[in-house]
């Protein structure tokens with residue numbers, strides 16, 4: 001089974017690429033979704049986080065992600081500590097899901113992670129793909145998708161890594177500068193088919 005790490009900034013079109021991989025028979029593993037599930041279900045992780053950041057359990061017993069976010073959002077050292085704590089848990093969970101996908105006979109799997117490179121998750125992958133798009137395209141997509149004002153969308157875009165960071169860190173790049181979503185979908189499928197072919201039998 002070929003594992004492709006797919007990353008890139010918000011609003012670039014990663015979802016389209018992931019959908020195309022699913023259409024080719026692959027499965028998609030969302031690193032954020034895995035992280036959120038672990039926060040709710042893994043007692044060891046919650047204890048490790050509370051040991052560093054203090055009580056994080058809400059009155060209803062659920063994990064208070066907003067409280068954690070408030071602690072780490074403007075504190076680089078705290079954010080680094082958070083990533084150092086959670087990454088090994090996410091790594092183990094993704095490995096288990098990849099093993100299950102391989103047992104199912106899947107030809108490919110994608111790890112969807114905006115911090116694929118920074119958190120070392122690229123090490124789980126046979127190939128890495130950066131999905132990028134012009135800033136104006138991303139701003140428009142974020143505004144339409146999330147219903148937020150332009151200034152907030154621009155702040156989101158400005159806060160993320162540059163396209164050059166993603167391009168230099170990944171083996172393949174898919175640029176979303178197409179006139180239509182259909183055209184971009186076709187380009188994504190063509191590139192994914194090429195990646196699968198180039199890594200077959202390695």
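Including glycine, each Cβ sits where the backbone N, Cα and C put it.
Annotated ATP binding site per TrEMBL: 11, 12, 13, 14, 15, 16, in sequence order. Look at residue 16 (ATP binding site): DSSP puts it in a helix. Residue environment of residue 16 (ATP binding site) contains 19 other Cβ atoms, counted within 10 Å of its Cβ in all protein chains.
Neighbouring residues of the recorded ATP site, listed in sequence order and excluding 11, 12, 13, 14, 15, 16, comprise 8, 17, 131, 133, 141, 176 (Cβ within 8 Å of the Cβ centroid).
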